[in-house]
Amino acid sequence: MATNFLVHEKIWFDKFKYDDAERRFYEQMNGPVAGASRQENGASVILRDIARARENIQKSLAGTSGPGASSGPSGDHSELVVRIASLEVENQSLRGVVQELQQAISKLEARLNVLEKSSPGHRATAPQTQHVSPMRQVEPPAKKPATPAEDDEDDDIDLFGSDNEEEDKEAAQLREERLRQYAEKKAKKPALVAKSSILLDVKPWDDETDMAQLEACVRSIQLDGLVWGASKLVPVGYGIRKLQIQCVVEDDKVGTDLLEEEITKFEEHVQSVDIAAFNKI
């Protein structure tokens, strides 16, 4: 009775094996990739687990094929078939992953080979440059000092000496002629004479002084370089007027002191002389 009860009971006794196989599979999928050999070992372990599970299923099916087996439910067999199918699918996917890893490893190896070939150690050495020594500078041969005999011979031969002397004489004469002409031209040119315009104030003694006679006395002064100009009578005050007269003088010949001395000589009419304005021309 106890055996028949266990046969009809839906208990999966080998579930821990499938759990272990599934755990190892996901550990291999999520863990670090150590190489193609490690992946192949994991795949072989899964395959062995699947084969062992198949054997156990077959044994369990053979055990339930005895008397009373037909009365057992068919749901267990369908679940086992579905589970086996899923494991086969996972097996195929795992094989694809292993193949992709192998291809990636082969590509990495090819890349490493290319990098090793292109490294400086494998490069061809550059051709050595030849050392060229600098060229020695060739010094020109030193000239031998001329002997006194050769100097005498050179002095004796003068093909154009006479012509040079004649040209020097002509150039000297031409230079003297031009200097003489320049001196004559400069002598004929009138020299600039410095002149000044002076405005004088001649004051009488009083209002009874004859201003016409005073002006005549002033204009009677004749000096070399003196030219008298316009004049006028300017009232001073109290009926007294002063004579304001303009003159142009050459600075080298006539000075203001000389003019004052000459005008003040007329003591009867002139009291004083002042310079009202002085301008250079």
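Going from the start of the chain as shown, residues are counted 1 onward.
Including glycine, each Cβ sits where the backbone N, Cα and C put it.
As annotated by Swiss-Prot, N-acetylalanine applies to ALA2.
Packing around LYS17 (N6-acetyllysine) is summarised by its Cβ count: 14 other Cβ atoms lie within 10 angstroms of its Cβ, all protein chains included. The N6-acetyllysine annotation in Swiss-Prot covers LYS17 (among others), and the record cites similarity to another entry as its basis.
Annotated phosphoserine per Swiss-Prot: SER37 (among others), in sequence order, evidence recorded as similarity to another entry.
What Swiss-Prot records for SER44 (among others) is phosphoserine. Cβ-based neighbour count (10 Å, all protein chains) for SER44 (phosphoserine) stands at 10.
Sequence annotations record features per position, and here Swiss-Prot assigns phosphoserine to SER60 (among others). In the three-state DSSP assignment, the secondary structure recorded for SER60 (phosphoserine) is helix. Counted within 10 Å of its Cβ, the other Cβ atoms near SER60 (phosphoserine) come to 17, all protein chains included.
The region 'Leucine-zipper' annotation in Swiss-Prot covers 80-115, and the record cites similarity to another entry as its basis. Mean pLDDT across the region 'Leucine-zipper' (80-115) comes to 90 in this model.
The phosphoserine annotation in Swiss-Prot covers SER86 (among others). SER86 (phosphoserine): 10 other CB atoms within 10 A of its CB, across all protein chains.
SER106 (phosphoserine) is surrounded by 11 other CB atoms, counting those within 10 A of its CB over all protein chains shown. In this structure, SER106 (phosphoserine) is part of a helix by DSSP. Positions annotated as phosphoserine by Swiss-Prot: SER106 (among others).
What Swiss-Prot lists as N6-acetyllysine is LYS107 (among others), and the listing cites similarity to another entry. For LYS107 (N6-acetyllysine), no same-chain residue lying six or more positions away in sequence has a CB closer than 8 A to its CB.
Residues annotated as N6-acetyllysine in Swiss-Prot: LYS117 (among others). Listed in sequence order, there are no same-chain residues at least 6 apart in sequence whose CB falls under 8 Å from the CB of LYS117 (N6-acetyllysine). Mapped onto three states, the DSSP output places LYS117 (N6-acetyllysine) in helix.
Annotated N6-succinyllysine per Swiss-Prot: LYS117, in sequence order.
Swiss-Prot lists 118-172 with the feature region 'Disordered'.
Residues within less than 8 Å, Cβ to Cβ, of SER119 (phosphoserine) and separated from it by at least 6 positions along the same chain comprise none. Feature annotation from Swiss-Prot assigns phosphoserine to SER119 (among others).
Annotation source Swiss-Prot lists phosphothreonine at THR129 (among others), citing similarity to another entry.
Look at Swiss-Prot and you will find SER133 (among others) tagged as phosphoserine, backed by similarity to another entry.
What Swiss-Prot lists as phosphothreonine is THR147 (among others), and the listing cites similarity to another entry.
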Assigned conformation of SER86 (phosphoserine) - DSSP reduced to three states: helix
Residue pair SER44 (phosphoserine), SER106 (phosphoserine) - Cα distance, angstrom, rounded: 22
Alpha-carbon spacing, SER60 (phosphoserine) to LYS17 (N6-acetyllysine), which is rounded to whole Å: 15
Between SER86 (phosphoserine) and LYS17 (N6-acetyllysine): CA-CA distance (Å): 15
